[in-house]
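Annotation source TrEMBL lists carbamoyl phosphate binding site at B:R60, B:T61, B:R110, B:H138, B:Q141, B:G266, B:P267. Summarising the annotation, TrEMBL assigns L-aspartate binding site to B:K88, B:R171, B:R225. The domain 'Aspartate/ornithine carbamoyltransferase carbamoyl-P binding' annotation in TrEMBL covers B:9-150. Per TrEMBL, the feature domain 'Aspartate/ornithine carbamoyltransferase Asp/Orn-binding' maps to B:159-304.
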Amino acid sequence: MQPGETVMDAESIARTVRRLAHEIVERAGGTERLALVGVRRGGVPIAERVARAIEEAEKRVVPVGSVEIALYRDDAATALPDPKIGPSRIDFDVNAREVVLIDDVMQTGRTIRAAIDCLLDYGRPRRVWLAVLLDRGGRELPIAPDFVGRVVQVPDGARLEVKLDDVGFERAICVRSATT
Amino acid sequence: MTRPFRHTHLLGIEGLEASDVAQILDAAEVFYEVSRRPVRKVPTLRGKSVINLFFEASTRTRTSFELAGKRLSADVVNISTSTSSVTKGETLLDTVQTLQAMHPDVVVIRHSASGAPHYVSERVGCSIVNAGDGAHEHPTQALLDAFTIRRAKGTLSKLVVTICGDVAHSRVARSNALLLRLFGSEVRVVGPRTLMPSEVESLGVKVFDRLEPALEGADVVMVLRIQRERLEGALLPSMREYSRTFGISPRTLGYAKPDAIVMHPGPMNRGVEISPEVADHARSAILDQVEAGVAVRMAVLYLLAGEAGAGPGTQG
């Protein structure tokens, strides 16, 4: 895909979120011990939308939390200080839960490594899964998602830009060149 | 991208802008949450070194800085004068230059001489944090007080804050007055004239010599510690008289707003500057201040130990 192209529009994002929700419930064998944790900041609205889709389909509320990975980055010494960090919020007991980490875009895998470290500081889940809306390849660590919305090929150096609507939901995901 | 935190050192509230203070307090919110997790530690400053160099006795500030550094996974070394070469006659600069040769990232200094951290900061390559210098400044105490006030009141603007006691010898009062004035709050100071500095108005504060009018309508009552040696210096007639005239009791607290909070930098002289009933009152924020102290010091170390020219986070 080339700069300027739309990777996903609002409709395909909504459809993909519903599919991810069904796949997660099916693989987890229900919702009883399920919990979703969004990776701040892009993964949090996706996690909330997946939770809502699960609630609509299963009539069960699944707890949703968030993890801030800035403090766990492996490049903390050179990337600090990031003024936009926020707190992690996990208000439920993660012990013995089936936790699905959710992010919007996956590339190197370093963010997810940091997110797993952060999550484990809250307790010992029975299992941790990973769901991503978009997998753009370019892995630098041996980490693979269990649930993928869509796999895309994006030129090296280009960034995927998530456009949000008024309430913070993804309106579209576009390819942006590295220089713009 | 320019350095997100534009200071290399934290030497005082003087020299900071409201936006700098807000940046530190916002970061402290994140670390406040870290301190309440089952595992109260993040790997953020792994590989960094922090030296706590205390030329004055201080248990709570030193412990707070030590915990802050350790919760960020930094290597923390504590040096106090009783065990250092200072007792063998080494100068302050020699001590710091010796430590600098060990390549610390941050040195936290408490010293009885005003300006000692400034003097050192101009002669070393690492970040310096002032943990209290003479009667001059104690910036992290003012920041943790501001954090506590902001959590309790939701703002630092347009509040009435009354600081009671030994303003003349208090670096806490000076730093707090500077910080609260940055946000447009009214700062009042009250205490015996013998314990009031001669140019106190230059801090932009209102000066009172009676407690009741100073407390009238206050949102925050900040009580300062009275040192017993002031009696020997003939600055106070007696502790009993001080307590009767300037001590914060349930009766005098009644002049402040009904939801006013009471603060004290500790350690307290119960029954002298603050009555036991007020110290343990539901409106006492004294233990909240201690908790805030670790979070604020984590934020300060985090912001200072970062490298200049930080880039944006990578996608991934």
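The backbone N, Cα and C atoms fix where each Cβ goes, and this holds for glycine too.
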The domain 'Aspartate/ornithine carbamoyltransferase carbamoyl-P binding' (B:9-150), counted residue by residue under DSSP: helix, strand, coil: 63 helix, 27 strand, 52 coil
Span of the carbamoyl phosphate site, taken as the largest CA to CA distance across B:R60, B:T61, B:R110, B:H138, B:Q141, B:G266, B:P267 (Å, rounded to a whole number): 17
Those binding-site residues, out of B:R60, B:T61, B:Q141, that come within 10 angstroms of B:R225 (L-aspartate binding site) at the Cα: none
Rounded Cα-Cα span from B:R171 (L-aspartate binding site) to B:H138 (carbamoyl phosphate binding site), Å: 5
Rounded Cα separation (Å) that holds between B:R60 (carbamoyl phosphate binding site) and B:R171 (L-aspartate binding site): 16
Cα-to-Cα gap, B:R110 (carbamoyl phosphate binding site) vs B:R171 (L-aspartate binding site), nearest whole Å: 12
Rounded Cα-Cα span from B:R171 (L-aspartate binding site) to B:P267 (carbamoyl phosphate binding site), Å: 15
Model confidence over the domain 'Aspartate/ornithine carbamoyltransferase Asp/Orn-binding' (B:159-304) (mean pLDDT, whole number): 93
Rounded Cα separation (Å) that holds between B:G266 (carbamoyl phosphate binding site) and B:R171 (L-aspartate binding site): 13
Alpha-carbon spacing, B:T61 (carbamoyl phosphate binding site) to B:R171 (L-aspartate binding site), which is rounded to whole Å: 14
Between B:Q141 (carbamoyl phosphate binding site) and B:R171 (L-aspartate binding site), the C-alpha gap once rounded to whole angstrom: 9
Neighbourhood of B:R171 (L-aspartate binding site) by C-beta distance under 8 A, where only residues 6 or more apart in the same chain count: B:G132, B:D133, B:G134, B:A135, B:H136, B:E137, B:H138, B:Q141
Count of other CB atoms lying within 10 Å of the CB belonging to B:H138 (carbamoyl phosphate binding site): 27
DSSP state at B:R171 (L-aspartate binding site), helix/strand/coil: helix
